[in-house]
Amino acid sequence: MADSLAPLLPTHIEEDEDTSSPLTFDKILEKSLSDFGFSQFLQIVLVGLALTFDSQQIFITVFTDAYPTWHCLDHTICNPATTDICKIPRSAWDWDGGFKGKSVISEFDLECSSSFLRSLPSSTFYVGSIVGGVVLAMIPDGSLGRKQLLFFSSFAMSLTGISIFLSSNIWIYSFLKFVIGFARSQTGTYALVLISERISTKWRPRATMVPFTLFVLGFMSLSGIAYLVRHASWKVLYLCTSIPAGIHSIFIYFFALESPRWLHLEGKNKEAIEVLKRISPANRGYLESVSSRLRPKETLEQTSSYSIKDLFIIKWAFRRVTLVMIIMFGLGMSYYGVPLAVRDIKVNIYMSEALNAMVELPTFVVTPILLEQFSRRSSVLVNCLIGGASGVLCFVMSLYGRTKIAFALELGSFFCARIGFNLMAIYLVELFPTCVRNSATMMLRQALVVGGACCPLIASLGRNVPSLSFAVFGFAMSGLGLFALLLPETKGLSLCDTMEEQEQRDQALKTSHSC
C-alpha cells in the first residue's frame, strides 16, 4: 500500500512549492482519476457495448450462412446417409421443416454451388473490414474525435445490418456484408482507445477488460438469439441484432463523453477539464484549482502534428507496429479460425459456439492478474506458446478419434488466443502516444482481421484432413508469438501524449537500464 502511494507524495509536494508553474495534463488526469467511481464504470459500459454488437456481426454468419439439414422425400433414390442431393432431382428431398428461408444457403439455392459462392458473404465481410481498416486509418486522429468516430461506425453498421432484410440474392447480400465489414472495421479500436484514455494507469488493466467482456457477452447472446429464432428466416437474426445496435449508437451520441486526452491534445483544455469533472465529481475542487496551470492552446499548437504515415517513417514506431502486427496476425488466425474449424470435431454447433463464448469470460479475470503480476512480454510469449501447443495437440487427438479431449484442447487454444488479444490490446495502448494511438490500434486490429480473413480457407482443410487446421492455427500462434521478445517492456508506465514525450521517456528508460 505504501508503494502505491509513494509516487503521489513528491508530486504533491512539488505542486505546493510552485503553484505557478505549468502542470502536465497527465499528472492531472492520473490524480483526478486515481479512484474508480460509478460514473466511470457507466461510461465504460456505455462505450463497451459497441463491442457487444460488433461481435454479433462478426460471428453471425456461423448461423445465417450454415448448411441446413434436409430429409428424403423419395426413399427409392434417396438415402440421407450416402446421397448427394446435387445428383438427385429436387423433388426427391426437402429441407427440414419445409422452410426454404432458414439459411442463406437454402433461400438463394446455393446447396450445389461452389464453395467460393457459398463463402462469398463471409469473405466480403472480411475484405470490407480490411478495406475499411485502411481507409478509416487515413482519417487523422485529430479530425473528429474518439466519440464521433465510434458513433458513425456503430450507426453505419447497424443501419446496413437492418438493410440486409431487403436483400434478394447472394450478390446484394454479399455487398451489404462488405459495407458492414467496412463500417465496423474500427469499432473496437475507437471504443478501446476512448476507454483507455479516460482511465488512470492504476485501473487500466481492469477497466479495459470490461469492453472485452461485453464483446464475449455479445458472442454468447448471439447463440441464444439464433436458437430462439431458429425456425424463422435468417434475416430475422440480422434484425434482432442490428436494431438494438442502432439504438445504442444513438445513446453514444448523446451520453458518451469524449476522451480528455484527445481534447487536451487539440488544445481544448476547458472541455477536457469538464469531462474529468463529470467522470470524477469528487475531485471537482482539485480540477478547478489546477485548470489554470495547463499549457495554453497556442503552446500546444507549436507541437508537431502526426498521422498514420509517421508510424512507418519514424524508425522506432515502425519497428513496434510491425512486431505488433506480426503477433496479432497469428492470434487472429487462432481467434477467428478455431470457432470455424470446431465443426470438424463433430460436436453440436449451438453448444460448441456457446462454450467457446463462455471460455472467454475467465480470460477477463486472468488477463488483469497477468498484467499486474508479470511483465507484458513474458505474459504474451508464454500464453502464445501454450495456446499454440494446445492447437497442435487438438489435431493429434482428432487423428486418434479422441473427440472429447480434442474439443477440450480446442477450448484451451481459443482461451489462449483470447488472452493474447487482451494482452496485446493493452500492450499497444502503452507502446504508442495519444497523437497516433488511434492509428496504431487500427493497425493492430487490421492484422487481426487479415489473420481472420485467412481462416475460412484454412478451416476448409479440415474436410480433407480432419482437424488439420488446428495444427496450422497452433503453429501460427506459437511461432509468431516469439516476436514479443523484441518489444520493449511498458508495465507500470503512464501514457504519453506526443511522439517527443514517448521518445524522451524511452531514452530515459534505456539510460536507467544501462546504469
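Each Cβ is built from the backbone N, Cα and C atoms, and glycine gets one as well.
The topological domain 'Cytoplasmic' annotation in Swiss-Prot covers 1-43 (among others), and the record cites sequence analysis as its basis. Confidence for the topological domain 'Cytoplasmic' (1-43), expressed as mean pLDDT, is 63.
Taking Cβ pairs closer than 8 Å, the transmembrane segment (44-64) reaches residues 103-104, 121-122, 125, 150, 153-154, 157-158, 161, 177, 180, 184, 187-188, 190-191, 194-195, 198-199, 207, 210-219, 221-222, 226, 234, 237-238, 241-242, 244-245, 248-249, 251-252, 255-256, 336, 339-340, 349, 353 in its own chain, all 6 or more past its ends. The feature transmembrane segment is assigned by Swiss-Prot to 44-64 (among others).
Under the heading topological domain 'Extracellular', Swiss-Prot lists 65-124 (among others).
Per Swiss-Prot, transmembrane segment is recorded for 125-145 (among others). Below 8 angstroms of C-beta separation, residues 61, 152-153, 177-186, 258-259, 262-263, 265-266, 305-308, 434-439, 442-443, 445-446, 449-450, 452-453 of the same chain, each at least six residues beyond the ends of the transmembrane segment (125-145), sit close to that stretch.
Summarising the annotation, Swiss-Prot assigns topological domain 'Cytoplasmic' to 146-149 (among others).
Per Swiss-Prot, transmembrane segment is recorded for 150-172 (among others), and the stated evidence type is sequence analysis.
Residues or ranges marked as topological domain 'Extracellular' by Swiss-Prot on the basis of sequence analysis: 173-177 (among others). Long-range contacts of the topological domain 'Extracellular' (173-177) within its own chain (CB-CB distance under 8 A, at least 6 residues past either end) are made by residues 61, 104, 108, 120-122, 124-125, 128, 160, 163-164, 167.
Within the chain, the transmembrane segment (178-195) has long-range Cβ neighbours (under 8 A, six or more residues past its boundaries) at 44, 47-48, 50-51, 54, 57-58, 124-133, 135-137, 146-147, 149-150, 153-154, 156-157, 160-161, 164, 207-208, 210-211, 215, 256, 258-259, 425, 429, 437-438, 441-442, 444-446, 449. Under the heading transmembrane segment, Swiss-Prot lists 178-195 (among others), citing sequence analysis as support.
Shown in sequence order, Leu33, Phe36, Gln40, Ile44, Ala207, Thr208 are the residues of the chain, 6+ apart in sequence, with a C-beta less than 8 angstroms from the C-beta of Ile199 (ATP binding site). Annotated ATP binding site per Swiss-Prot: Ile195, Ser196, Glu197, Arg198, Ile199, Ser200, Thr201, Lys202, in sequence order.
Across the topological domain 'Cytoplasmic' (196-208), DSSP classifies residues as 5 helix, 0 strand, 8 coil. The topological domain 'Cytoplasmic' annotation in Swiss-Prot covers 196-208 (among others) and is backed by sequence analysis.
As annotated by Swiss-Prot, transmembrane segment applies to 209-229 (among others), with the evidence given as sequence analysis.
Broken down by DSSP into helix, strand and coil, the topological domain 'Extracellular' (230-235) contains 2 helix, 0 strand, 4 coil. Swiss-Prot lists 230-235 (among others) with the feature topological domain 'Extracellular', giving sequence analysis as the kind of evidence.
Positions annotated as transmembrane segment by Swiss-Prot, on the basis of sequence analysis: 236-256 (among others). The list of residues near the transmembrane segment (236-256) in space but at least 6 beyond its ends in sequence, with Cβ under 8 angstroms from a Cβ of it, reads 43, 46-47, 49-50, 53, 56-57, 60, 63-64, 147, 150-151, 154-155, 157-162, 164-165, 194, 222, 225-226, 229.
Here Swiss-Prot flags 257-320 (among others) as topological domain 'Cytoplasmic'.
The transmembrane segment annotation in Swiss-Prot covers 321-341 (among others). Within its own chain, the transmembrane segment (321-341) has Cβ neighbours under 8 Å at 58-59, 62, 311-312, 352-353, 356, 380, 384, 387-388, 391, 410, 413-414, 416-418, 420-421, 424, 427-428, 431-432, 440, 443-452, 454-456, 458-459, 462, 467, 469-470, 472-474, 476-481, 483-484, 486-487, counting only residues six or more beyond its boundaries.
Look at Swiss-Prot and you will find 342-350 (among others) tagged as topological domain 'Extracellular'.
Between the binding-site residues Ser196, Ser200, Thr201, the minimum number of other C-beta atoms within 10 Å of a residue's C-beta occurs at Thr201. Counting other Cβ atoms within 10 Å of each Cβ, the binding-site residues Ile195, Glu197, Arg198, Lys202 show the lowest value at Lys202. Note: the topological domain 'Extracellular' (173-177) comprises 5 helix, 0 strand, 0 coil (DSSP; helix = H, G, I, strand = E, B). Residues 136, 139, 186, 190, 193-194, 197, 252, 256-259, 262, 438 of the same chain lie 6+ residues outside the topological domain 'Cytoplasmic' (146-149) yet bring a C-beta within less than 8 angstroms of a C-beta in it. When Cβ-Cβ distances below 8 Å are used as the criterion, the transmembrane segment (351-371) is approached by residues 59, 62, 205-206, 209-210, 212-213, 215-216, 219-220, 222-224, 338-339, 342-343, 345, 379, 383, 407, 411, 414-415, 418-419, 422-423, 426, 491 of the same chain, each at least six residues removed from its ends.
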